[in-house]
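Inspection log for the structure reproduced underneath, given as structure tokens.
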Amino acid sequence: MKPPVRVAITGAAGHVSYSLIFRIAAGHMLGKDQPVILQLLEIPQAMDVLKGVVLELEDCAFPLLHGLVCSDDVHVAFKDADYAILVGARPRGPGMERSDLIQANGPIFTTQGEALSAEANPEVKVLVVGNPANTNALILLKNAPYINPRNITAMMRLDHNRALFQVAKKMGCHCSDVEKMVVWGNHSASQFPDISYAEIAGEKVAKGVENNWHGDNLIPIIQQRGAAVIKARGASSAASAASAAIDHMRNWVLGSGGKWVSMGVYSRGNSYGLDEDIMFSLPVICEDGDWREVAGLELSSFQRAMLEATEAELQAEREAVADII
């Protein structure tokens, strides 16, 4: 059996992590032959709840779980981490604007970036889940000088998975049959779910749907899906977010099998003329523990306008935290 790897998880007593941690311990993320040591971080006032999660983890007797670390100290939780999934973030409170939320999360991700850079494996792979994920990831990146910017990512896989299902539902097929789906930009209502390249069995999806379905149906459904979940269940997406995090990390580590996936990545060197200092969701292919951009796709004027709109939002978010990056 392989030697165990260390997986750090922040916000470990929260709803998303409750759906995430047990799946990682069961081998769903890194494979059935990869033992893990879970390093769980929480704020002091949630440590008692985290103890309950640990009791349940112990009671599962997972063969792949080779150790547990629980702490409210980032330096302890991130020590020698090979993977870090940053779920914890300041939630949006009543009357808070998005800009307020971004600024409130700034100190959290500044501290975590510094600690990861100091304590983690230098090749640590980082996924930021806590919202606003793209700009939180940018803050982290700017405060983690010893981590390769390519190894810091923001989660767009939930949006990607949502789009796969909606396209499959429309086309009467299984979501695993849909290929070359792309979600561009920010994890927000400005994101751009794009079917321009999507295929099912080699046939273009765009040819099989009404001309207005993409703009009038798919795009708003995906952009507002998170709000629809909150309205229906009275809480934000948890199990689906955890599943998306598993998918993101599994493909990044083990490969995406040649398939396109959407990942929020540092935009430096991108082939689409985008601002080179934001965390922007691009189509990528994962192989050999790395990702590469699907470069040079042809863009229509509509696509370009959609990319520019979400790019502008990310630029505004960056400006809101300019003093800490």
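Placement of Cβ uses the backbone N, Cα and C atoms for every residue, glycine included.
Quantities reported herein were computed from a predicted structural model and do not represent experimental measurements.
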Swiss-Prot has Gly11, Ala12, Ala13, Gly14, His15, Val16, Ser17, Gln112, Val129, Gly130, Asn131 binding NAD(+). Which one of Asn105, Asn121 is in the same site? Asn105
Take the Cβ of Asn131 (substrate binding site) and count every other Cβ within 10 Å, whichever protein chain it belongs to. 23
Whole-number Å distance between the CA of Ala13 (NAD(+) binding site) and the CA of Arg92 (substrate binding site)? 18
Of the recorded positions listed (His15, Arg92, Arg98, Arg162, His187), the greatest number of other CB atoms within 10 A surrounds the CB of His187
Gln112 (NAD(+) binding site) and Arg98 (substrate binding site), Cα-Cα, nearest whole angstrom: 21
By a simple count, how many Cβ atoms lie within 10 Å of the Cβ of Gly11 (NAD(+) binding site), its own Cβ left out? 23
Which three-state DSSP class does His187 (active site, proton acceptor) fall into? coil
